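*Asks:* Dropping the structure in here first, questions after.
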Amino acid sequence: MWKVKPPVEFPMETRYRPILESLVPPDPMSQFHLRRGSPEEEFPDLSRNSTWMGRILTPAMYRRQFNRCTNSGVIFDDVIRQGLEAPGECSAPVSVGCLAGDAQSYILFCDFFDRVIEAYHKHKITSETPESDFNYDNLKGGDDLDRSYAVRCEVSIVRGVEDFCFPTHCSRGERRQLFTLARGALHRLQEQLSGQLHLLEELNQEQQRELKPNLPSSTQQRIGVARDWPDARAVWLSQNGSLVVWVNIDDHLRLVSTRDDANITEAFKCICINLQKLEAYYREFRHPFTWKQQLGWVTSSPADVGTGLRISVDLKLQHLPKHKRIQDVLKRLRVHMDETESPALYRVSNAATFGLSEVVLTQQLVDGAKLLIAMEKRLEANGDIDELVPTQK
């Protein structure tokens, strides 16, 4: 029995159908001469799949996508491969279970992607353009978290580059062109923020210990993200340590600002300022960041559409994680809480990137972290937290 009942006809499919029909020849698979069976024969076994892909995909939906192919050669089986290679666990947070091979995938397979995005982010896709706000002065209270509890924070943002396939599908030549673009943009950035670009293979042992670059997982290797590793993969480090830019790792670009004083405001400010500078440079190079009207900024993962923004703060919590209402509290705050390598240290991060502006998402995380600290203090004093539990957001 399907956990998510599909509608008879998905509205976004109707809206995009003229575009879809203009993009796709009658039988694009004939161009590749692939030996495939019918949609019924090729439908994957999803009986033990715990991803949103596994919950949403039906034989009828699979049949509708079956003979579609983007201009760069992405077919629907490429999109769902991640969820088949990593089907997830029932006890873990539900992952999207799919990756776009290129930006066109979000249009061509919108029948599927729109429903995954709405389920994961818990926000309805409309015809309105998503709001964007990089005015860091609008953020309140991100610089005064209680340091007895807040240990460290990190703000990161991902971007895809227009006219290039995403990592699961990009060619060796494309990846090297992306590296050349990044090198040019980061060289321009160095005029205002001193730093240095390093190929991953050139990092010395001290830099590797500091950055802790993750080796590709077996899943990343199987789905093509780590193809030709570490060719054209690089990292840019600012001299003052405020910014790290990863190139061609799991997305085209990922900017990361980490602070040991848990000052979310300063980390967010660093990301906003430098991202907008890089965006201007890429636009000058005639390769702007990828934007879709109904979705906002898009990258390879539907989990990052909208803003691509991730904010996390490490909190010392002894009592709250054991409380019977903790999962309800986290759901109401729209945040995740994950264990770290250190005992009693938990990483709190935003659950969604779509539907709200960058400032509002960051403000939610700041307010949520402060509330969790207040609850921890109440429990330390043997008090009750029921009156502190927020209403559903």
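Each residue, glycine too, has its Cβ placed from N, Cα and C.
These came from TrEMBL, pasted as-is:
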BINDING   152-156, ARG254, 310-314, 338-343  ATP binding site
DOMAIN    35-122  domain 'Phosphagen kinase N-terminal'
DOMAIN    149-379  domain 'Phosphagen kinase C-terminal'
*Asks:* Are there any residues in the same chain, six or more apart in sequence, whose C-beta is under 8 angstroms from the C-beta of ARG310 (ATP binding site), and if so which?
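*Replies:* For ARG310 (ATP binding site), the qualifying residues are GLU154, VAL155, SER156, ILE157, ASP304, SER349, ASN350, THR353.
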*Asks:* Which number gives the other C-beta atoms within 10 angstroms of the C-beta of GLU339 (ATP binding site), all protein chains shown included?
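*Replies:* Its Cβ shell of radius 10 Å holds 11 other Cβ atoms.
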*Asks:* Can you break down the domain 'Phosphagen kinase N-terminal' (35-122) into helix, strand and coil residue counts using DSSP?
*Replies:* 42 helix, 2 strand, 44 coil
*Asks:* Let me check the 10 A CB neighbour count of VAL313 (ATP binding site). How many other CB atoms are there?
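*Replies:* Around the Cβ of VAL313 (ATP binding site), 29 other Cβ atoms lie within 10 Å.
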*Asks:* How many other Cβ atoms are found within 10 Å of the Cβ atom of ARG152 (ATP binding site), counting all protein chains shown?
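*Replies:* Counting Cβ neighbours of ARG152 (ATP binding site) within 10 Å gives 17.
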